[in-house]
Amino acid sequence: MKRQLLINIPLHLLAIVLYGVLNDIAVDWYKGYYGGFTARGVASGSIVFLVMWVFVPLNGVLPLLTNWKLKYWLVAAQVALILWWLLPEHPVRAYFFSCLAGGLSLAAVLASHGLRRK
């Protein structure tokens, strides 16, 4: 169990750090390419924090769980919740944040599963 935690916790912490870094890179690219945001009734910063309020606690809990099916279901529930929040009003943000948060969470789960098997 200790070995599993020593593998899982750094991977999920890396996912949390990468969320911030990749979000900043994507925002800079989007602003440079399209010339800024078109705020359609909601500030883009509030969406980032809304997703983080789900992403960070989930990645704090996932390393502690041992049931792999539960981990996959929680990641899927996170993606579904983000899509439910943001669709249909903000489709680009919905797809970006669901892929970013879900992809990083799933990558951390798969990496920890792969490293644990070795």
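Heads up, the Cβ atoms here are built off N, Cα and C, so glycines get one too.
Here's what TrEMBL has on this protein:
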{"type": "TRANSMEM", "residues": "5-22", "note": "transmembrane segment"}
{"type": "TRANSMEM", "residues": "42-65", "note": "transmembrane segment"}
{"type": "TRANSMEM", "residues": "72-88", "note": "transmembrane segment"}
{"type": "TRANSMEM", "residues": "94-115", "note": "transmembrane segment"}
Cβ-Cβ under 8 Å with the transmembrane segment (72-88): same-chain residues at least 6 beyond its ends: 47, 50-51, 54-55, 58, 61-62, 65, 94, 97-98, 101-102, 105-106, 109
Non-local residues, at least 6 beyond the ends, that sit with Cβ under 8 Å of the transmembrane segment (94-115): 4, 7-8, 11-12, 14-15, 18-19, 22-23, 26, 47-48, 51, 54-55, 58-59, 62-63, 68, 71-72, 75-76, 78-79, 82-83, 85-87
